[in-house]
Every structure is written in structure tokens, then in C-alpha cells.
Amino acid sequence: MEPNFPSLLLLNAYFSSLGMEGDPDLQFLLQGGDLLKVLSPSWKKTRFLKLQEDCKTIWRESKKTFKSNQTCESSVRLGRQSEGLKKNTEEQVECRCFTIVFKGRRKNLDLIASSEEEAGSWVRGLQKLISSLNNLSADQAKDHWIFSCLRKADKNKDSKLSQQEMKNFLQLLNIGLDDDYAEMLFKKCDKSGSGYLAGAEIEHFYDLLTHREEIDVIYGEYAKTTGFMNAGNLLEFLTKEQREKLTLADAQKIIEKYEPDEQAKGKSLLSKDGFLMYLHDPEAMVFNLDHKQVYQDMQQPLNHYFINSSHNTYLMEDQLKGPSSTEAYVRALLKGCRCVELDCWDGSDNEPVIYHGYTLTSKILFKDAIKAIKEYAFKKSDYPVILSLENHCSVEQQSVMAQHMSSILGSALVTTPLGDGMPTNFPSPEELKGKFLIKGKRLNKLEASFAEAAEEADNTDVTEEEESSNEADDEPAEKTSKKKLKLAKDLSDMVIYCKSVHFNSFEDARKNQSFYEMSSFKEGKAVKLAEESANAYIRHNVEKLSRIYPAGSRTDSSNYNPVPLWNAGCQIVALNFQTACTELDINQGRFLVNGMGGYVLKPAYMRDAATEFDPITLTRGDWLQHKTLHVMVISGQQLPKVNKKKSSIVDPLVKVQIYGVPADVSEKETSAVANNGFNPSWNENFQFDVYVPELALVRFLIEDHDSTSDNEFIGQYTLPFNSLKMGYRHVPLLNRNGDKLPSAGLFVHVMVLDAK
């Protein structure tokens, strides 16, 4: 009997590789069951859900599916944890509730099972599955993806591929072949002459598809021991090509870890398959894994770090009419955000609410936002979270805000300076681990005795929204009046290290402001200062904190380029986290390092009060470390389709982009490869001059070429220049939402040399 290749070999091998073969919770998911979907207190409807065999798609009886490449689950939460379940269900169903959280802007799926045991089976199964999928090796991800395409192509489910089904399969894989070549390939694999491929013939077809000629060439150069690499050959490759500082013992360990053939491993030999498995491992990819952990000095003052920051964090979509949600805080915090914003307004029943004032955005309770922040603040990072308060509340409801923060955040809330006496500088992120800082208005200087409750702030002490309206570039003149703000003493007293003050000038700030007094700048004003007074801005940020936020005209929640503001030493460069865009990709790349903890140490020359560094003029100094970057874009693997139509195949091209000081900004692109997203080959070389490597970022962008309109995004990966590894490296690819594309990648050669 012929082996059932798609259904038996790949599926069983896949389950086995996940450690889930025969797992009862997985079998439960594959069998499926009825669940109650919850949208409102009155809208609760039964839906039959089950996991498809691809282990990535949940099928619903209505024939609608949640497809992994668009709405893959990021987590599952047991109980009434979501905003929707808390609002729309009663406490007695707590043990039967669970929520599937999707990536991107897609709303959560709130469900109620028929019993506590059933809810447990769903949650355990999905959690195991998500964990397993997230930990797939590159080869496992590739096999799984190809299996999924095989399954879809085999229309009549007979575990055989006709010539037409093979063409369908190739289209699903993002390969466009002309009919003659497709027929030749089919006949080459159809050894039995039966007119279809089955069993070993499909395996042969699979081997032809996944063959990597460029790996053959590299491996052949160093495989000098009867067609294999021994430890010495491997060490030569690692030191000569990869510029790794390893020993013969290290090479031996690599063979033991990655060689799949036991006979070869027993002889301390590395086969081509083992070599490719090693090149696909994270430790051999383009990002230096030493930088994945916390490796920087975390004992410096807080203002000496770039801080991953969000603007109007509560919004899920646009700035005018979209929903506000506690889930937006959860998602931002889980992406490493360390500064979140809360726009606070008076609500009914003496409960403050959060929403974008004077717009149609929905409202959430202030206390619910604080609860969500408390629960998720330190799941991704232990370093401090700054709560940036945009305070529009009455004195009475400000006191309610203070009570909620005190009762919910407890001892984690910093309400007095650390140490004894009046501080003269910021504490470090290390000292503030697990702590919350409040950024907002304060009635007086920290040094002074506290004023009475409801004391009136001086006329220039305005909120950010009012301050921003003083910029006449995008606001009518009649809106430029300043308002007095009354402050509740108990809320004012919670502001210790981040007191909001109006910015007049760098000279005024130097003479009259304490270290803990900070200003917020609308992007337009900040960019102008960064262009015209860069060195003064950098010196200002050696002593103080600066927060930058998007212009009010960005009602679509678009973003500005954060790089010029980082170049000026600004720490809190706040972006709209809900909007997938180039600027957010760059932000994700900046904070990819140092444990992804949301704090990245600024270069030494941006922490020196007497610094002469100016990113615009680039006068001589320690910051000038001229490097030449050589990048050869070799090939791509398993690029996703852009247009979901079966017949649509991408024409990929690669752009290599440098972000940093103006002298370093550059972009070069390959030619487009027609009709091949599965294994395109470019073999094109680029060279870049990088003068200030500590501030530079490298972005690999793949687009689908279109001669009649803008190219379409396929995937990207951004990382700091100083985190590049040299040699032959695979580059993982991220989708629009910043999530890893499971089987897609680039293969490049990187070399960084001191410029002559």
C-alpha cells in the first residue's frame, strides 16, 4: 500500500516534532465542539468550532475561517479576563469562559464552554499549540507550510497529485511556472507513469522544490572530508566566513547539536542537511543573539536611555471615532512598551474615564485601564513603566484617580523619592524594576512643602493638548488660549520624577528647571529643534527627559519618523502602536536588543553634558566610527502571497535601507524576480558608508514589484547596525503587524569593515 504522504507522513511527523503526537488536548481540538460566542449581554450564540489539520486554522460551521497568516492567535486567556467577558457575562460562568486573542487589530474572540473541564481542554490545547508553533525550527515551519499547501491542492483528498493539482500546489507555494516547465517537472517525478504523483514520488517532488543550490556551493567549498564537513572544516567556515571567535570544541558541539544522521554524527561529520539546520538556527542568523539578553549597563540614570513609548495607548484604531479598549494597553505592554498614555476625563457616577476628548472615540473606565496595566506591565519586561497622564478631570475625580492608582498599584507605585533626602538625579532602570512612575502636573517643586488640595497652578502650567494648541501651524488662532488647571493634592503628590512643565527654551530649562521637570513636544516643534538646534537638544536631554508625540493632524493614527528625535537624544518618542507602518517597524528594531526590555542605553557621547555631538554637522569626535557595510542579497525562501487569488504570484525585490544620522541614511534595491515567491534568487551586491554606527539601523524590506502602482509589502526585518552578524546569514521576516512569518526568510552575506 502506498504511503499517504500528505495526511500520514508529514502530519504525523509534524505532530511528533511538536511533541504533541497522541496529545488528548490536541485530539479534542481536532474533534471540535459547540461554544457560546459572546458579543454583548444579549448577543450570545452557539458556534461549532474545531481545529483544522494544519493546526493553524480554526474552522467554524458557517464555513468562515480564521486564517493563521492574517489572524493567528497570540494567546489564550482562561476566565473572564477580557474587557468583553467582564462586561457581558456574570461571575458564575467565570470557570467556563475563555478568550482567544488575535494578532493585529482583530478583536478578541470571547467564548463560553459548556463545562469547566471543556474550557480547560480548549485552553490547554490552544496554549500548547501556540507555544509549539512559536518554537518551530525553520525546517519544521517549512515542512508544516508545505504540508498545508499540499492538503489544499489535493482537492479530492485521495493523497495523490494530478498534474493540475501539482500546478495548483505550486501556485499556493507562490511559484509561477509556464506549462512546458511544469509538465517537464511532473514527468520527471512521475516514475510510475501513472499520470499522478503519490507517496515517494511526492517526496521526490518535495526534495526538488526545497533544494538550495546556494547552500550546495557554500557547503562544497568546505566539505573536504569525503563529501562531509568535519569539525576542522566547520571551524574554518565559522572563522573565515562567519567571523566567529570559536574553537574546535565549539565546532564539535555544533555537529552534535545539528547533525540529523546518527552515523555521520558518530563520526563527528556534518552533512549538508545538518549544515543547513545550523544556518537556520537563531544562533546563526543575522541578529547577534548576545544582544537578545540584557547586556547594557542598567545602572545609569533613567534619562540616559531610549524608552519604548506609546501615544494615546487606549485607542485600537483611528483618533476620531475608533474604539478605546483596555486590550490596547495589554497589547502595547506585551510589545515591550514602557510609557503608556492615559487621557483622563470626568465620567458618570464619579468614575473618571479615558477617551480622546472632543471626539467620538468610545470610553473606558480609568480604573479598568489601571487594572489591565497592573496585570500586564511586567510580563515582557521588569523595567519601570511610566504612566503619562493627560489630565482633564475635576479636582474631585482627580482624587478618585489617585485612590484607584494607590489601591490597585500599591507599593509598586513610586510616591516618594528613592533613598534619603532630596534627589539630584534620576534613579536607574535597575533601581526602578517593577515600579510605576507617574508623569503629570504637580502643584509645586518637589523640594517645596506640599500645597493645599485644589491649589491653582500658574497660568503657564498647561496640559499637553492645550500646550500643543499654541503651535499655530495646524490650529486656528481662536484655539490658542491657555487654561488654568486645578490640581488635587493627592494626585499631584504622586508625581515624583516626571513633572510636566511647559518648554520655553533650552536656556530657560537649564537655568530654571529641576532635573525631574520634563516637557512634551509635538512632532513638528521637536523636528524643528532637532534640525536647527541638535546639539542644544542633546545637551538638554543629558539632564532632562523629553517626550515627543504625533501631530493632532494624524487623525488616522499614522506615525512620524522617530529616528531624527532619537538622534537628538529624546528618550520618550511616542508612537501610535495600533498602526502597522514603517515607523513602527523601525521602533521595533530599535528595541529588539537588551532583552527587549524597552530601555536601550544611549551612546556615551549622548550622556555627556559637554558633548559636541551634532548629528547634522557631524564634526569630529568619538561618534565618528566610519564603517563600510557590504551586503550581498542572495536568495529568499517561502515568501507569502500578497494577493490571495490562487493565480497571483509575487515578483519580489529586496530593499536594504539604512536609518540613522542624515549622512548614513541610504537605500538600495535589487531587481525584481518574476513569478517566484518560493525560492527567488538575486545574488546582488550593495555597499554602504556608515559614519555613526551606534545610532544606525538596518532594514531588510521585501516588496512585490508592480510597474503600474506602488509596490506591495511582503515582509521586513529591522535591527541595530551594531547587532549585525557577519558572513552567510538567514534573515527572519516579520509581517505588517511585526509578527514572525513562520517559514519565510532571506539569505544574505554581510561584511562590516573599517573604512579606509
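For all residues, glycine too, the Cβ spot is worked out from N, Cα and C.
Where the annotation comes from TrEMBL, it is an automatic prediction and has not been curated.
Here's what TrEMBL has on this protein:
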| type | residues | note |
| --- | --- | --- |
| ACT_SITE | His311 | active site |
| ACT_SITE | His356 | active site |
| BINDING | 37-64, Lys439, Lys441, Ser520, Arg547 | substrate binding site |
| BINDING | Asn312, Glu341, Asp343, Glu390 | Ca(2+) 3 binding site |
| BINDING | Ile649, Asp651, Asn675 | Ca(2+) 4 binding site |
| BINDING | Asp704, Asp706 | Ca(2+) 5 binding site |
| DOMAIN | 141-176 | domain 'EF-hand' |
| DOMAIN | 610-735 | domain 'C2' |
| CARBOHYD | Ser192 | O-linked glycosylation site |
| REGION | 452-482 | region 'Disordered' |
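Nearest in space to Ile649 (Ca(2+) 4 binding site), taking C-alpha to C-alpha distance over the recorded positions Lys45, Leu49, Thr57, Ser192, Lys439, is Thr57.
Note on proximity: of the recorded positions Pro41, His356, Lys439, Asn675, the one nearest Asn312 (Ca(2+) 3 binding site) is His356, by Cα distance. Using Lys439 (substrate binding site) as the reference Cα, a 10 A cut-off selects Glu341, Glu390 from the binding-site residues Glu341, Asp343, Glu390, Asp651. One way to see the shell of the Ca(2+) 3 site is to take the Cβ centroid of Asn312, Glu341, Asp343, Glu390; the remaining same-chain residues with a Cβ within 8 Å of it are His311, Thr313, Tyr314, Leu342, Ile354, His356, Ser388. If you count neighbouring Cβ atoms within 10 Å for each of the binding-site residues Asp343, Glu390, Asp651, Asp704, Asp706, the highest count belongs to Asp343.
Sorted by the number of other CB atoms within 10 A, the recorded positions Lys37, Lys45, His311, His356 start with Lys45, the lowest. Cα-Cα distance from Pro41 (substrate binding site) to the residue listed as 'O-linked glycosylation site': 62 Å (rounded to the nearest whole number).
Confidence over the domain 'C2' (610-735), given as mean pLDDT on the 0 to 100 scale, stands at 94. Closest in space to Glu390 (Ca(2+) 3 binding site), of the recorded positions given as Lys45, His311, Asn675, is His311, taking the CA atom of each residue. Here Asp343 (Ca(2+) 3 binding site) is compared against the recorded positions Ser192, Asp651, Asn675, Asp706, and the shortest C-alpha distance is to Asp706. Helix, strand and coil counts from DSSP across the domain 'C2' (610-735) read 9 helix, 60 strand, 57 coil. The shortest Cα-Cα distance between His356 (active site) and any of the recorded positions Lys37, Ser192, Asp704, Asp706 is the one to Lys37. Restricting the recorded positions Thr57, Ser192, Asp651, Asn675 to those with a CA within 10 Å of the CA of Asp706 (Ca(2+) 5 binding site) leaves Asp651, listed by sequence position. All chains included, 13 other C-beta atoms sit within 10 angstroms of the C-beta of Ser192 (O-linked glycosylation site). When Cα-Cα distances from Lys37 (substrate binding site) are compared across the recorded positions Ser192, His311, Asp651, Asn675, Asp704, the shortest belongs to His311. Burial estimate for the binding-site residues (Thr57, Asn312, Asn675): highest at Asn312, by number of other CB atoms within 10 Å.
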